[in-house]
Every structure is written in C-alpha cells, then in structure tokens.
Amino acid sequence: MTPHLGSWISALADGQLDASRTEEALAHVATCRACARELDDARRSRRLLSSAMDDVRPDPALTARLIALQASIPGTDDDPLRSPRRPAFDAPEYGARPQGAGRPGWGGVPLPGLVDGVRLSGHVPTGRRRAARVLAFGAGSVGALGLVLFGLGQSPQVTPGISAADAMTMLARTGPDERAAGTDVLAGLAPAGTIPEQRSAAALDWVTAEGWAAPSDLPDGLEVTAVRLLGEEGQVLEIDLAGDAGHAVVRERVGRLAGDDSVQVLARTPAHLAWQSDEVVVDVVADLPEDMLGELVASFPARDYDAGVLSRIARGWSTATGAISSP
C-alpha cells in the first residue's frame, strides 16, 4: 500500500472494498491521522447528504437554470484574481521542433537529472472547469445543502505508486492486449485499418470530450495504441503510446496529488512521473529518450488543483446529482 490511502478513502467510506482490503485500510487508518481525518470527513459528508436528501431534492428547474448560465460565465484566464499564478518555463534547448502558440513548454530540466519541483505551463480545456463556475450561482439557492455539497466536494488524495516489475509489465502490454486490465474503447473510436495519425487524433479528441487531460500534440514518432477505462465505473483512464523510440503508459484519475503540484519524479528505471492537471492526477510510465519524455509531459495541460469553496461545492453537486440519478 502507498503511504496514504488516497482513492481508497471513498471506496472505504462507501463499503466498496473487499474484506481483506477493508482490514488493511482500517489498520492503516488506525496509525495515520491524516487518513483517519479524511475518512471521518467522508463518512460525515455521506451521513449529512443522506439526511438532507430526505427533505431536499435537486430542483430540475434549478439545474436547468444553472446549465443555461454556463455559457455566460467568464473564464479565468484573463482574470488576475482567479487565474493561476504559475510561471511558464520555455526551454530553447528542446526546440528541435517549434512549439505552437498554444503549446506548453517543458520545464527545461532533462532526465535523468530531472529535479523534483519543476512546474509545467499551459492551458487547460474548460470541460472540467465549467462545472465549478456554474455552481457559483447555485450555492445560495441550495441553502443548507451547500454545506453538505462542500463536504462531498473534497476530492480523494491520489498517491501514484507501482513497483518496477508492474511498470515493466504495463509497458510490455501497450496496445491491444487481452491480458491488459480494463476495457479498450479505442476500437469504437477508430475502426480497423485507420491510419495511425487519424486514430491518435480520434482518441485524443475523445479524451478531451470526456473531460480528461489530453496532450496538445504527441511527440513525433509516438501514436496512441490503446485507450482503456479501468475500474467498475471507469475511474481510471489509461492511454497507451508506442513508437520506434519506445513506449509510454499514461494514467489519469480524478483527485488531488499527494504532495505539491510540481512534476514529481517517482522512479527512474523505468521513468515514472506524476503531476496535477486541474482536477485530474496524471502519471506516466515510459521507456522513452529523455527529450521525448520531456516533450510528452510538457504537452499536457497543467493547472493546480482548485481547493476553493466554490470548486468544492461544484464537485459536491456533481457527486450528489450523480448519486441520485444512479439506480
């Protein structure tokens, strides 16, 4: 197990872990104050939601009004009070290929001499941010339920961690592989015989449309060979990349990265890096040359996790309405 429970917190609070994992998680909670506090918060939020839903149901008219307001809410990029204070690091030495105007730059620290703490720069698609803006107008109307939504909006902490053996296995199974876990959705996006460039474009368009973090452009020589959803509810996205230079497996899950919001170097053989991209934690395992890996990481949008009140209420609203609509 990783140093903290991370995404197990929610599953433990909902009783979704099997007996052995529940016992293991509770043993960890007994010795870890941070996880114990997070578990208490999760359980308290669920109790409050359960009691509140006896008397309060989301008004369909309110939901429709919030959605209608979505397009009128200004973005944060040009707002100095809400835009992230993150400097951009552009590295001319990685300029073998010119970067476009919308292309984020790599931090300029090569592997294997990568220093923890290097930040990415770039812009994030608005798909996941819009929900946070919409709920800013609805918190007052919901009234007392807003406190419940605030509690539900606390995202689970994610601590990416895999053994070197598991990382090598993942890299060996990139592309269509019956032994790989999860459901491959790429076949439904691009039929057999589609040229690699079109298949990769279709895959990345789908990733963006579904609200995950997608690279602005893949390094030359890399193509998408598989897109998988793992977990009973598709909680984890996996993107397999392959080329003559090597392979890479990108994983994404909703949550907040344990530690700071910098690019974290978790392992070097094979390379394993993780960073925060808005509400998504992205980690990549790769056996690529250092310049290509740096270019791949830099192509992803980067934005710190938003722990603000309105954003938490937005995430809580999404959780509550999703629970109500579920059978």
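Quick reminder: no glycine exception, Cβ is built from N, Cα and C everywhere.
Unlike curated entries, TrEMBL annotations are predicted automatically.
Marked as domain 'Putative zinc-finger' by TrEMBL: 8-36. Taken from TrEMBL, the feature region 'Disordered' applies to 73-108.
Remark: secondary structure over the domain 'Putative zinc-finger' (8-36) totals 21 helix, 0 strand, 8 coil, with classes taken from DSSP. If you take every residue in the domain 'Putative zinc-finger' (8-36) and average the pLDDT, you get 84.
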